[in-house]
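Each remark here refers to the structure printed beneath this line.
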Amino acid sequence: MAPPPPSPSMAPPGLIHSAPGLPDTCALLQPLAAAAGMSGPAAETPSAIQICRIMRPDDANVAGNVHGGTILKMIEEAGAIISTRHCNSQNGERCVAALARVERTDFLSPMCIGEVAHVSAEITYTSKHSVEVQVNVMSENILTGTKKLTNKATLWYVPLSLKNVDKVLEVPPVVYSRHEQEEEGRKRYEAQKLERMETKWRNGDIVQPVLNPEPNTVSYSQSSLIHLVGPSDCTLHGFVHGGVTMKLMDEVAGIVAARHCKTNIVTASVDAINFHDKIRKGCVITISGRMTFTSNKSMEIEVLVDADPVVDNSQKRYRAASAFFTYVSLSQEGKSLPVPQLVPETEDEKKRFEEGKGRYLQMKAKRQGRTEPQP
């Protein structure tokens, strides 16, 4: 787990602020010596960074809290910075770290407008061609100084050559303080690699519109967003930022949840976002969301991202990313509300419902300290 953000007394001098007064956006390097009690690997280059940003009104969702997609975007930015720095820490071919997967991300507490987000990222494992980054997000009330943990996430990046973005380079190894850390990291790497392959093979279907759907059915709430990828969405190398894609996915998932419940909704968690292929500038992307499962107080929504390279006739439409989002319904006072139960109609919808129920029970068992899901 990444260390908590340093207290003001620990902060080194020379923070880069975008404007006088309160910091808008800043990034600082935490030398390993300053990160007391850090449990992660040691390396010659700093293995932890922190990004700070004040939350402004244009970051708000309908309920008035910070949009979940904004937080996901900040998490990805921190991961991209630290992994790219690490992958270029040795002499050799220069590269940029591309997001390959985001593990389950929990939204533990809402973040409010006016608070400062502290996004801490730490490298916890490296394989031959990938980097694992663990990220914690803390919110700070700058009037009272109160801080709370709002998000935890694990991300995987791969280094792509700047000379040939289809070429994956080797990752400089890190030195672990304990042998068990490397073994635990290898197990996490193998598990996510297997799940990525399984997800890619089952992602061939497309969300199709249905005329005059009945309330509480999958077709009633399913939604799509079409977006033309422009320069502001991309890195300097012409590919979409992973954080931009995640924010769009969260927006579509939120629309599906709101249509189903017709109440205020908030992101509760994201269950493994897989990035199957790069999205280039000029592509038209279709982000589609559909309800897959409902419990008494939560909704699981599958989100698929398809890219259509309209200016390149040599390439066909392809699946670029996929994920499952979990939302909860809230009253005007912010209290949890019962969720209308989903009515699956087709055999595929019933199958996805049962698969979603399995994921829900598995996560419920994990929270309760069991290894086997219980009904």
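Note that Cβ sites are derived from N, Cα and C of the backbone, with glycine treated the same way.
TrEMBL does not curate its annotations; it predicts them automatically.
The active site annotation in TrEMBL covers N61, D250. The feature compositional bias 'Basic and acidic residues' is assigned by TrEMBL to 348-358. Among the features that TrEMBL reports, domain 'HotDog ACOT-type' is placed at 45-163, 219-333. Residues or ranges marked as region 'Disordered' by TrEMBL: 339-375.
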| Any idea what the Cα distance is from D250 (active site) over to N61 (active site), rounded to a whole Å? | 11
| task | Kindly report the helix/strand/coil residue split of the domain 'HotDog ACOT-type' (45-163) according to DSSP, in that order. | result | 23 helix, 58 strand, 38 coil
| task | Please spell out the DSSP helix, strand and coil residue counts for the region 'Disordered' (339-375). | result | 21 helix, 1 strand, 15 coil
| task | Would you mind listing, in sequence order, the residues at least six apart from N61 (active site) in the same chain with a Cβ closer than 8 Å to its Cβ? | result | H67, G68, G254, V266
| remark: Here the mean pLDDT of the domain 'HotDog ACOT-type' (219-333) is 93
